There are 2 protein chains.
Amino acid sequence: MNEADFIAALRRMPLHPGARGLIDDSAVLTAAPLVVTTDTLVEGVHFLPHDPPADIAWKLVATNLSDLAAKGALVEGVLLNYPLDDSAWDRAFLDGLAAVLNHFDARLIGGDTVTLRGPRSLTLTAFGRDAAAPARDGAKAGDALWVTGTIGDAGLGLVIAQAGHGPIALRDAYRRPYPRLTEGRALGPVVHAMMDVSDGLLIDAGRMARASGLAVTVALDTVPLSEEARAFGGTDRAARLAAATAGDDYELLFALPAGITPPVAATRVGSFAPGHGLTLTDSGKPIPLPPRWGYEHRPER
Amino acid sequence: MNEADFIAALRRMPLHPGARGLIDDSAVLTAAPLVVTTDTLVEGVHFLPHDPPADIAWKLVATNLSDLAAKGALVEGVLLNYPLDDSAWDRAFLDGLAAVLNHFDARLIGGDTVTLRGPRSLTLTAFGRDAAAPARDGAKAGDALWVTGTIGDAGLGLVIAQAGHGPIALRDAYRRPYPRLTEGRALGPVVHAMMDVSDGLLIDAGRMARASGLAVTVALDTVPLSEEARAFGGTDRAARLAAATAGDDYELLFALPAGITPPVAATRVGSFAPGHGLTLTDSGKPIPLPPRWGYEHRPER
């Protein structure tokens, strides 16, 4: 599609009043304070070249809304930076974009379109309002570490998407993550620290501990696995380690004082203590840490 | 550079208080209302593969600040979406980023880093505050069309950058555009409509007219050319047409009632009238429109 056609299609999306009908180079946002977050998804890194464009649109929006969920925010709207492609791809992407915006009541604020030869690189910036905005550095010694939902489904889903066969529910956990916006609203005012699990439970738990100046212990045997993940990937230590380091879960990871029950369904997977570093246990006994705790961009350089 | 090293370097930039030291996935902005704009620059499209990385950083920030200038805003800060590359390139980019942020008193709010194989794609999102925020659709019949500075320098600068020789002042107009933030502050409250000239004077004048539901006439012989551009590119009709369609000027284009003198240095280049479309004149006589009015992304599809 050319730029004019693409923008015309964007005008048929749910538009934010500050978007000024997308005829301007800038938008005006009046809500305050605003939580803002941005993520870029790259073909071959964050999605597969043959992933359906509608799913890529979903994932692009959902991963950013997941960051808003971790702040306990209501969704204000999104900016899209989009590389124009062949028209069929663009149209399928637009279909997915309309679906995800409508599903999460997110409105388009603006963006930019470019021409890009090479792997697709898509950026979305999301704005949230009315956020308790817990940081990731507020965990206290003695706090318990909790996580919503299940861990590792998307990691198995990636394998399934690459192989072209396997349980659809797991594949869709990879392609269509579901931001925990409702849970984030309930958790925001009560947690000591919160973040979403995007790069892997272990690496993200380690980051929360490091930011908080604490040590964290994760009990591998408590990491919640879905029925589908248990059936497809098993439940042995290797399967649990794979789940805890796979990333793309977009569940909420949070610190609560010991003894406090979270206001949403969640699983206690660890605890914080004075010191530093990550300890992993299985059935109460320390086990060696895996060489890789999750996904990091170019850790080799 | 790896992600951790790059983020550590970003922490040494001027940081926005809402950035939370860049340890979080989200930032919190308290100023309101906010003007927000975003631009993606792509290697081979918006900059040349051998352009110095420091200049690319400058251009990335400057082009976004130019959109804020067109709203009459003060700079609040920026988000950066960056593809990690080889360390020398990254370091040179960071040097340029620090220079441009310091120069325009812009502070880093946050961003995202990714791994990208292929042409570089860099996204910046800029926030402004205290903006009069004139739109591009407010021109009135009878208004004069004005532009700040000179037009066409960057177009010649692109030719010079590609050729590897020619006047440095023109080359730098391409590589290091200078957003008209001060002029935008003065113009914001008094103009009927304003935008920056990013894709070309003719195409952008046509866009302002179309948005405003008016016809616009541009007098080609009044388009302001710099001394350097006159000396290097000449002043005949072809040279003026090239200047008016080249883009990358980042001057401010604005509509003022006839007879009102703008509060900043500017040149009157045309006028608005009832109707629609773009008319080009030379020495008072209509001349044929060129086939291309400026830069458009993939006009061919």
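The backbone N, Cα and C atoms fix where each Cβ goes, glycine too.
Please treat TrEMBL annotations as automatic predictions, because they have not gone through curation.
Residues or ranges marked as domain 'PurM-like N-terminal' by TrEMBL: A:24-128.
Sequence-distant contacts (6 or more apart, same chain, Cβ under 8 Å) of A:D25 (Mg(2+) 4 binding site) do not exist in this structure. Look at TrEMBL and you will find A:D25, A:T37, A:D67 tagged as Mg(2+) 4 binding site.
Residues within less than 8 Å, Cβ to Cβ, of A:D196 (Mg(2+) 3 binding site) and separated from it by at least 6 positions along the same chain comprise A:S66, A:D67, A:A69, A:A70, A:P179, A:R180, A:D204, A:Y250, A:E251, A:L252, A:L253. Feature annotation from TrEMBL assigns Mg(2+) 3 binding site to A:D25, A:D67, A:D196.
Its Cβ placed at the centre, A:D39 (Mg(2+) 1 binding site) has 24 other Cβ atoms within 10 Å. According to DSSP, A:D39 (Mg(2+) 1 binding site) is assigned to a strand segment. Marked as Mg(2+) 1 binding site by TrEMBL: A:T38, A:D39, A:D112.
Other Cβ atoms within 10 Å of the Cβ of A:D67 (Mg(2+) 4 binding site) number 26 in total over all chains. Secondary structure from DSSP puts A:D67 (Mg(2+) 4 binding site) in a helix. What TrEMBL lists as Mg(2+) 2 binding site is A:D39, A:D67.
Counting every protein chain shown, the number of other Cβ atoms lying within 10 Å of the Cβ of A:H46 (substrate binding site) is 22. Under the heading substrate binding site, TrEMBL lists A:H46, A:D248, A:Y295.
A sphere of 10 angstroms centred on the C-beta of A:R136 (ATP binding site) encloses 25 other C-beta atoms. Here TrEMBL flags A:G111, A:D112, A:R136, A:S198 as ATP binding site.
Counting residues per DSSP class in helix, strand and coil order gives 51 helix, 13 strand, 36 coil for the domain 'PurM-like C-terminal' (A:140-239). Taken from TrEMBL, the feature domain 'PurM-like C-terminal' applies to A:140-239.
Neighbour density for A:D199 (Mg(2+) 5 binding site): within 10 A of its CB lie 20 other CB atoms from the protein chains shown. Residues annotated as Mg(2+) 5 binding site in TrEMBL: A:D199.
If you look up TrEMBL, you'll see A:280-301 marked as region 'Disordered'.
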Averaged pLDDT score, the domain 'PurM-like C-terminal' (A:140-239): 96
Chain B contacts among the binding-site residues A:D199, A:D248, A:Y295 (Cβ under 8 Å): none
Composition by DSSP (helix, strand, coil) of residues within the domain 'PurM-like N-terminal' (A:24-128): 34 helix, 41 strand, 30 coil
From binding-site residues A:T38, A:G111, A:D112, A:S198, the one whose Cα lies nearest A:D248 (substrate binding site): A:S198
In three-state DSSP terms, the structure that A:R136 (ATP binding site) belongs to: coil
Cα separation, A:G111 (ATP binding site) to A:Y295 (substrate binding site) (Å, whole number): 28
Candidate with sparsest Cβ neighbourhood (10 Å radius) among A:T37, A:T38, A:S198, the listed binding-site residues: A:S198
